[in-house]
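Structure record follows, encoded as structure tokens.
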């Protein structure tokens, strides 16, 4: 019986000795345990077992200290998950950076990549250590190892985001941030060319789309008279305020309840008049230079001869009846 006990004790001692790593004489080194729960201190050729890391921590060969499990410095968890081998390829970004890699494509998102020369003191929200991102709408090319125009990049299995708000750098990281949908209006599922700004309907703002990407946010120029224009969501073009109803911020005349024919401009402009038909606005009719709208005769005349608010003639009733009779007798 004593022999068996002694044999068991000897086996335990031998296992402890054999399980310790070999240390080179004169080399000070920290060597992690196989399960990363702690480490050995190599001192003068002897491997000294140090106290285990605190609960929830593992030893990191990157920081040479105990780090929170699952953190960016934890290079051990993936080894435990996938198994270890002397010839095993680097698994984490930190490991890849330590092996000499400089630029590394992100495995899931096509606009993301890792730059080993970048080390954040404070990691930006939505980012990871060493992570960088192409400016919208560029994508990261695994061929050139840099950001390129999106139509020159093949993403393969990586997700190809079309909306600027899916790019991490464009997401809001503070309460004071202007919502991304205002800064990067979406063009997904919209045709190429000018399209409505979904967050700024019936305004001078619109977007230029190309292959589902927002290439440019633009504003409508003024019209020929120097007046603002509004982007019409249905016509998909910049439209004069005269052709936009008042409900949407325009100045289109209201012909509701008015008889068919010509009417004085609602805004008081005398060099043009309004044509109505079936209670709807048809168009504006411009007067010739030097003429104004005669509201009695319903056509343009020289200002001194015109009656109504735009003309200077007085006692117009008799003249108006005479001119109307003449117009009716014209063959």
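Even glycines carry a Cβ here, placed using N, Cα and C.
TrEMBL does not curate its annotations; it predicts them automatically.
Copied over from TrEMBL:
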- 20-78: domain 'Chitin-binding type-2' (DOMAIN)
- 252-309: domain 'Chitin-binding type-2' (DOMAIN)
- 1-19: signal peptide (SIGNAL)
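In the domain 'Chitin-binding type-2' (20-78), helix, strand and coil residues by DSSP number 2 helix, 21 strand, 36 coil.
Averaged across the domain 'Chitin-binding type-2' (252-309), pLDDT in this predicted model comes to 89. According to DSSP, the secondary structure content of the domain 'Chitin-binding type-2' (252-309) in residues is 0 helix, 25 strand, 33 coil.
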